[in-house]
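Colleague: First, the structure itself, so that you have it in front of you.
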């Protein structure tokens, strides 16, 4: 779908994309009057994504390198703590949405996370030796089978487990539900294909900054004059959490400015963040609401599939990384170098791939790039992993490294390319899929998909790992079965992209856009689904 040729996408800017020169159309296809809204949103996204990147690497370092722990703990956390936590947080979000304005919901949810991170850094972590039940966990190790070591580590280091959960939920709730929900409310359809690629640029630039800041702090030697921390790793961790708190406060300030100074001045009431009429719905009703829309089911399949696949591969990679770098500082240093490269790759993709691919090839082709990338890179990683023991001579002769280091490198390349695709084409196409829907569908469907189904995917991947570990004990023994499951899920993902592309193209055609507008104007409190729009379009 080439939006530069569509009347709908030229409705506000009469001359459309032709007003921009070739270079500006590629890099900055934004009109002057749009900058007062776009630039604060970019800054807000940068700050939220900065925290996301800092927390994402720090949580892995904490739980994987903790006492008597390893990458095996991750599947247990995601199944037994992460998924229930996501359900509870989404339930809280839904209830707050039913009772408060959307602006106040943002303030409350942000405050919950920032208060927790403050408590962890300055109360829970310094007292971890008192709080962690090490003696009882040691007794459990003597009783339970070896396949339960991850479960015991999750229980032993419970404060780290909760930190892992809250860090993951920052991405799900703050980044995806709150920010993207806000963006979908205030961004018009003809702006989305130009804005969303740039949002990806801001997020990916934050990945570079977060990675390098973390690397810089991880390289610092222990300073005995600082009041917190007994070693270099602890001091760098306290510094990083302090940056997270500062970034969170700045996010609240920018959000306040957007709501009071920018959105209130927009003449178009459809660009306001607040819904005209709010219909109270429970979490159960949210899911019933989701299941009644074929369109939202396709989005759910895509989101769940991505999270299962990336989790299946990442946990195996992190187990190899833990084996190569057992020290927390070394582990954190390496994983943040990877995070920096992810930011660079994703920034390049945001500038030159996502937006231009959407404009030139359309939604479906662009959305297919992520499963294709995961398929190719996963084949490379698992191929090297399976034959690691037979690559001793080849690895040293051709690459000058051990087979373990080569497998870690392949996993790093896989993670870089797949995360780069996720933060650009995947996020942009997924969020664009919500744009043609009514406000009620955007808010309720997004809360169910990003708040719970997102976690369901990660928990599903973790449940697969957990079940296999209980039987096979090690990742090396279970890896062939993991690879087989991965291929099946990528196939289902690709089919969902194809069918959602058909629905999306139908909804964003000129006739459907007019139908959506007319239905929403005349329906009052009635919800308008993608299926209803298509049915009326066929009747016309």
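Backbone N, Cα and C define each Cβ position, glycine as well.
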Colleague: Looking at 276-294, 295-313, 314-332, I want to know which stretch TrEMBL calls transmembrane segment.
Modeller: 295-313
Colleague: Any idea which of 18-36, 56-74, 75-93 is down as transmembrane segment in TrEMBL?
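Modeller: So the range that TrEMBL calls transmembrane segment is 75-93.
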Colleague: What range among 135-156, 333-354 does TrEMBL record as transmembrane segment?
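Modeller: Checking TrEMBL against the ranges 135-156, 333-354, the transmembrane segment one is 333-354.
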Colleague: When you check the transmembrane segment (75-93) against the transmembrane segment (162-183), do you get at least 3 Cβ pairs under 8 Å, counting only pairs 6 or more apart in sequence?
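Modeller: The transmembrane segment (162-183) and the transmembrane segment (75-93): touching, yes.
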Colleague: Taking pairs 6 or more apart in sequence, does the count of Cβ pairs under 8 Å between the transmembrane segment (38-55) and the transmembrane segment (195-217) hit 3 or more?
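Modeller: The transmembrane segment (195-217) and the transmembrane segment (38-55): touching, yes.
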